[in-house]
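Trainee: I'd like to ask some things about the structure below.
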């Protein structure tokens, strides 16, 4: 967990600023605007930088927050404090509605989709009669506590920055939790996260709502700061501007959003007030200079300013080691985890005209290590994908403990106690080894996003991290626990994947080329670990090319060639099987 | 509603749709090759249109000077990047392409502008000027960012859009302009009246679609561009210069943009900031086409144009709302039809 001290200092400094004697009121206005932009940018950090979902439409959510309170306080005379939850609710509900449609879009459809509804909603604001068309709504009452009315920019300043700092804390709490890890895994594609039970569309929707609610909060504050709203600040231009605030600050960092807001708001202000003095008489020079500076800034620091600044700080010591004495309750086990665990019957997978897996049948018993071998392109990884629900078979059936799971999604397969690693390592490189492994225990934790934000998840979280730490120690990577997964060698990353799979508390472990990239000693350790796991009651199905490794380890071997099973048996019989020799070496002359 | 109004709206929609189709094609092209979502496409349209209109009315367009300024910057970028391995031929080539060429065009523009050149000369000059701007733009703004994410490229694209739009105001003022028709004359067929201008629009759009199809299908450069679009690294390993592909894409996009501008400025008054919205509608078409398919983009663009024409007749207030909201069901259909594919890249 990160230290809270810098945040307390920051809050203290922000609280003291208005009391500095001789502080120009204009600066306070600037700080108000920075705070408002920072709230929206913070949502975008989570949505775009962390979750990988680019949205141009955030300005529309700001608009919904602002118009909701504007309408309700003027036309119906509601108190602004009453409209706060309503503003957030309206933004949130709209996010659910738009999110259900948009988050399903992949790649570049998503940003373009958000641009489309962002524009559409902007035009709607400016055309609807009850929202005052282009003139908007004015005479909005100020925020007030008792008889104290926040009329000046200096008094609403506190409301804005309390909101910014609280939101930053809640957002950071969310990121540092079970749900947060699921969100952080989104950017790297959904297959790995889903293999451990993460419901990726739900996680995407969640960040979408979070970002929209923050934008709605900014809108609510905006309406009571300006005391009037009109459609202009909620258009496509503004939506784009919020996005580049986040990118300039550093799209992956909560404080990057705040820093980006400061940079962009101050830069614009400086350009607007000083540029005409240098270049008098010309129209939109500040826009031109602003655009050019933006491109230049991106060319100098493509990752944003915040990470660039942080790189100057001395490196922080690694995190605290979790208390491994905490026990996580075991996965609930079905009866019968003793006989045949996995039965593959005439499984077939066709991609167009290509038959990748051709009517393959085999089984895996309890306490058994089965190896699936075959030359490249034999259909081994496809078979893995069929078993784990990433692909669905064209025909044939796959059953786990006697139950058919042909159409089950990956999230259901893992619940049955089957976990896997990937041929191409799928870790989140900018998360630590510990955090990556903890994703494996996702289904064994229970805390939701709200609990995480409010830090009510700590007991649950400690158990998850303890389990992750135990599995990391078990595979022998305790030294690397707090390093970033991306900084490890490829061989070590494969071992991290095994630790992550073990966090599921599986009955059957599927390993796709676990020994690739390992040194001789490491391979021996891996073989020892797998034998221990088998003796402890787990079964292992592995794909591997290292024949020495397989022959010494496996109890039984299934050989595939061009998608068809050509042999099955003990290592000794496979070694002498003429079909197998032919497949690997060709026909003897 | 009677048939005449319907036919009239349909015709109007198809004319606009043809323009959106051209812009959509350009956007697809640039995105596929460089991963840049080209928001400044709209500026190419206004620059082309207003340069043409200025020239035709005997005014000196500022864009010619901008091309020279950008050319000098591009040359400086070239020389700075290659500062360790400078040799005579490289310097000569960069100076010729980036400084001498725009300087000659600027001189030509200055000498011709005063004497109200004929329409054909105006068109040629405008196209060359905007094409150079597009080419140098890639060198200055996007080539140094070629390795970054789509998001960073997009934000840079917004920055470029802001700068170019501001420059547009500086060059052409806040007043709208109209240009002379490219092809005058008209004929009527039944209730419909076809102007030479609208026929030009159809003709050029079809010519471009066929031309692009031939370029990508038959020429080596076209195939190189497609290869870059599919896999940058693979294309580089095969010896394709990806920067060259990027330059060609931007060159084509700026020419297409300028040409679209020249074709619509005789029909509608264009302002320095009109390009953004026109470009966005091309965008809508490109999205419906999935940013990959040229024929689908063209069909979608016609559809957008027709929807726009009909909604401006029935609910002119909600014209833009309808056009942009049109995307939501399309995107929904797309996401239902094609389940998300795993992206291996970052």
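Any Cβ shown, glycine's included, is placed from N, Cα and C.
Annotated transmembrane segment per TrEMBL: B:20-42, B:62-81, B:90-112, B:118-138, B:150-174, B:201-222, B:248-271, B:283-309, B:321-341, in sequence order.
Would you situate these features in the structure and describe their surroundings?
Mentor: Remote same-chain residues near the transmembrane segment (B:20-42) are listed as 137-138, 142, 146, 150, 153-154, 156-158, 160-161, 164, 204-205, 208-209, 212, 225-226, 228-229, 245-246, 248-250, 252-253, 256-257, 259-260, 274-286, 289, 291-294, 297-298, 300-302, 304-305 (criterion: CB distance under 8 Å, separation of at least six residues from the stretch ends).
Taking Cβ pairs closer than 8 Å, the transmembrane segment (B:90-112) reaches residues 55, 60-61, 64-65, 67-68, 70-72, 74-75, 78-79, 82, 121, 125, 128-129, 132, 136, 139 in its own chain, all 6 or more past its ends.
Outside the transmembrane segment (B:248-271) by six or more residues, the chain places 15, 19, 22-23, 25-27, 29-30, 32-34, 38, 41-53, 123, 126-127, 130-131, 133-135, 137-138, 142, 174-182, 197-198, 200-201, 204, 208, 212, 221, 225, 278-279 with a CB less than 8 A from a CB of the stretch.
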Trainee: Under 8 angstroms, Cβ to Cβ: which one of B:62-81, B:150-174, B:201-222, B:283-309 has the largest number of such pairs with the transmembrane segment (B:118-138)?
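Mentor: By Cβ pairs under 8 Å, B:62-81 leads among B:62-81, B:150-174, B:201-222, B:283-309.
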Trainee: Hey, which bits of the same chain come close to the transmembrane segment (B:62-81), Cβ under 8 Å, at least six residues off its ends?
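Mentor: Contacts with the transmembrane segment (B:62-81): 47, 50-51, 90-91, 94-95, 97-99, 101-103, 105-106, 109-110, 125, 129-130, 132-133, 135-137, 139-140, 143-144, 167, 170-172.
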